Amino acid sequence: MDDAAPVNWEALDALVIDFATSENLIEQQPQESLADSPASPLSPLSPSSSSVSYSSSSSYHSRLIIRQIRRCLAAGDIDAGIELLRAHAPSVLDDHRVLFRLQKQKFIELLRKGTEEGRDAAIACIRTALAPCALDAYPEAYEEFKHVLLAFIYDIHDKSSPVANEWSEKKRSEIAGLMTSVLRAHLQAYDPVFAMTLRYLISIHKTFCFRQGTTSPISDLTERLLMEERDPPAVPQESFYEAPPFDEVDIQALAHAVELTRQGAVDSLRYAKGDLFQAFQNELCRTKLDVPVLDELVREYCVYRGIVRSGFVASAECKVNQSEPGRLPSQNYSLEVDQATSIPSDGENSVITMHLDVSSENDVVVNSRPETDIEMRYASESTGNCEDCSTSEIQQPDISKLLQRNRNYTSGERSKRKRWRGRQDEQEYLSGVAYSACSKQDLDAVIARADIGGEHQGIEKQSTEDLNNMDDRYEIVLGIKDLAARGMATEVVEQVNALDPNFFSQNHALLFQLKQVEFLKLVSAGDQSGALKVACSHMGPLAANDPSLLKPLKETLVVLLRPHEEMLGKGLPLNALANSLQVAIGQRLGIEEPQLMRLMRAAMHTHNEWFKLQMCKDRFEGLMRIDSLKELETPLLSACSMLSSNADSSTQGSSQVTTSSSARLPEDGTSPAQVSSGEVCDESAILKVMEFLALPRADAIHLLAQYNGNAETVIQQIFA
């Protein structure tokens, strides 16, 4: 499978920033708020005014509440979950169907205690709460009520009892998942767009690979990231069953987008009161993502793209100095800290001290009272057996000079980078958490959660010298990328040559594009002689050695006929050039692309291919911002063709010159010449076959094509 489909990385940046900001994963300045983030335009989720839109900050608070309720119910603490519901979503408890399920689970949890007090409380629960709810919750509730009473008789460990399923702890996760689905829709607390987009793209990717019999190049990521189980759906109230019939197009689109039966899609639309986009979000968010894996991918991408500050995990010696002998074992501990905030750069050995409060013989609390100190010593010299992370072909430049040059040019860009903070709000603060065993592993866990600098996944422990070297390389590559994005071609060439004199000899096209930028800037400034000098000295020789550059050279020179400053300024796709440089130079320096980029390329490719098979447009790609990910900048080698053609039209008397720096892929991923499904067979026939035979759209179209587009014939042949 071709996994090199193009992606608009700037659009992905916006989605990732929106995700990290909405989930409070990056530090905000005091004057900033979640709603004021650069990605705030992504907050409205639906293209229709009737669909949900929300404030990132309020949605984040609601999501935290939902997760807290989920944890309580999954742990069997039903009373705590109900109290949180009363405090934050009291109207949910007005639905007796929900209340009955909660009270039934509470009854089981009281019996699970196995004490007389628990049995007495269970009887009280039946009399005051469970029985009254069973009378009017739903038709089957009273039978379920009588059935669950058998838990008084059958033991919890009897796997063959008629209530073994009621005793199962799986019931806890089911009720927790159900309440999550209900609350998500009730509070309009949907996940950030990026998290939903990943779910959607990965689901399509898996379906495509399965149906085509191909091997996924990103199966290692998709299997870890997207879980198989789903939360139970929120069931519509009986009054919603009188809703008018829904458009079959909407039913089929929803059913196949999130893998539902037709009846499941109808119920979902009923619950969303006919709003297709809200129903889609309700169903999509039922699928679980592995949050730690997702955060790892996002952080890696943010560091690579310069969204957050780079920081790499280093190893350090950790020695416990006991102020009170006998309280902690006297030994060394390993410790991981973030180089960006903790490792000194002055070349001297340093000591960082943390304080542990030993509250009892077995409990340790960090950052309370200075009774026990942990010293962390960082050796500035590298160890002899440590491998140099540099690439052998690259001549080592004066790193300090390159870094200083970068800082002079890009200090503003560097100051915009945020600090990664992680999910601190979802964990108990370290100062209030006690650990029951003071073993080496426990102390490692305490330090790891202290967020001294944040753990960076996927990077092995390195010596301090190698670590600083890699961090410097990131800064250099990001600095060159920023310069290229600003059109500072001369400075880019100078820095790349200082870094690796052989780089451009192996990357002729990149050097040609940089010289194109320099040429066009000189033309725009009115310096035609300087532009011609660049063309003669650099672009001409490059085109002579690489025939593929000859056509772009001619198109670039045509711009001399009618220079247009505004056209040149807005028509150059500098971001595309900057991204290409970042990838190429990063690879030369041993910096691999983040896994998220590999995942997105493959997923976008299969999305395009899937809707070619479906012969229709994706109804949800605008909602999921997939359309923005397909808005591709024109490659610089082709941009001059557009500029020159516009220049030609200007010389012929055109009243206005209009250029575009982006090219949109076809909305459904098809080529313009592809025949639409409407020309193959009637749309109503497609829907009829999909409905009656529960088939995907592509299969329905292929069957209709075999029987001259006659839906009745297809159905008769199948059932015959």
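Each residue, glycine too, has its Cβ placed from N, Cα and C.
Automated prediction, rather than curation, is the source of TrEMBL annotations.
For reference, TrEMBL has these:
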COMPBIAS  33-56  compositional bias 'Low complexity'
COMPBIAS  649-662  compositional bias 'Low complexity'
DOMAIN    62-118  domain 'CTLH'
DOMAIN    473-530  domain 'CTLH'
REGION    28-56  region 'Disordered'
REGION    646-677  region 'Disordered'
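Taking H, G and I as helix, E and B as strand and the rest as coil, DSSP gives the domain 'CTLH' (473-530) the counts 44 helix, 0 strand, 14 coil.
Summarising model confidence by region, the domain 'CTLH' (473-530) averages a pLDDT of 90. Across the domain 'CTLH' (62-118), DSSP classifies residues as 49 helix, 0 strand, 8 coil.
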